[in-house]
Amino acid sequence: MEEIKLNTIEEALEDFKEGKFLIVVDDEDRENEGDFIIAAEKITPDKVNFMMHHGRGVLCAPISEERAHELELEMQVPDNTSVHETPFTVTVDRLGNGCTTGVSMYDRAQTILALADPNTRPSDLGRPGHICPLRARSRGVLRRAGHTEAAVDLARLCGMQPAAALIEIINEDGTMARLPQLWEVSKRFGLKIIAIKDLIAYRLKQESIVEKGVEVDMPTEYGHFRLIPFRQKSNGLEHIALFKGTWDENEPILVRMHSSCATGDIFGSMRCDCGGQLLQAMEKIEKEGKGAIIYLNQEGRGIGLMEKMKAYKLQEQGMDTIDANLCLGHKADERDYGIGAQILRLLGIKKMRLMTNNPVKRIGLEAFGLEIVENIPLETAPNRYNEFYLRTKKERMGHELHNIK
């Protein structure tokens, strides 16, 4: 069987600048699909026809959050419950400019061009329509490893307007095209094919999203460590790397990616297992003689201390930890692993033995181009205050908790 060899991001960017299609694939643990993606400002009726004929999916137009705001494109629903939280806005058609029903290849191309044109006003777009804009997250693939963000990132990296067109690639028999079939499609049409994880790695190498502080000695009750603070450039949040020992970049290092928990880490709360996991991680690293804890300022799975306390109040009234978050308008987990991934890279860690019970954390870090060679559980003994919480994490979030029957 022919070896599948993906293109480099540098090769892909050259084609993208010229208005050529790229095939972009995501992680097999996510959607495991490939999309045709092209810069919005390079679209033509013939290219729309190609996408519809050979892609067979849903024709969408990813745009930046800022662009969606400028065009007054509201989200399609206030509470997105789709599997991967695909960020659909209201659908649109270009008004005027020779457009009629909005469904022809010409009309669709005109609508996509209008989304990219900085002169387009909200009143130039009819709602609903035949094009589905997608609102990309700020910070792109460094925030969400999806095709929407990849498309906008590619446009920005090429110096174009932050807008693109994409469509999923479906086999002729109606099944989703996976990597072997996508590889054949790329050869058939002479298109470059790239992976989102490689785009993430490219951006992490090219861009700095955190500012490194001074390194200091940090003796603790659980071992002797070194500590470096990091400041997130986008919002000023400060994070910590607590580590011990030295290593080379190909060595699998013991790592704990730990989100801050003031109640558990500082006060020893029995409502969660956070404090116990942190201490276990420190003890394991001390025993091993090398390793790192990335302490992320993402209280309450990313919702903040005030909102976490509101969630606690709802839990006292009978809700579980997930439903409490959802009731408050949050996702079950809002953490951003891109920050931790860059901190690990700055520490020279590319391979790790990850200390976690959370499969989503593993997937989240692997999406940023890091290799996890082993998963090491950090289990604490349940108590009467946190047993329901731990059971929820096991049954609804897939955590590997053998102490919970």
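Cβ from N, Cα, C; glycine included.
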Which of these, Thr321, Thr392, does Swiss-Prot list as part of the GTP site with Arg256, Met257, His258, Ser259, Ser260, Gln277, Glu299, Gly300, Arg301, Thr356, Lys361?
Thr321
Around Arg301 (GTP binding site), which of the listed recorded positions (Asp35, His130, Cys272, Cys274) come within 10 Å, judging by Cα atoms?
none
Suppose we draw a 10 Å sphere around the Cβ of Cys261 (Zn(2+) binding site). How many other Cβ atoms does it contain, all chains included?
23
Smallest Cα-Cα separation from Arg256 (GTP binding site) among the recorded positions His130, Ala145, Asp333 is shown by Asp333
Using all protein chains shown, find which of the recorded positions His130, His147, Arg256, His258, Arg301 scores highest when you count other CB atoms within 10 A of its CB.
His147
Same-chain residues at least 6 apart in sequence whose Cβ lies under 8 Å from Cys272 (Zn(2+) binding site):
Cys261, Thr263, Gly264, Asn386, Tyr389
Between the binding-site residues Asp35, Glu299, whose Cβ has more other Cβ atoms within 10 Å than any of the rest?
Asp35
Secondary structure of Glu168 (D-ribulose 5-phosphate binding site) (DSSP, helix/strand/coil)
strand
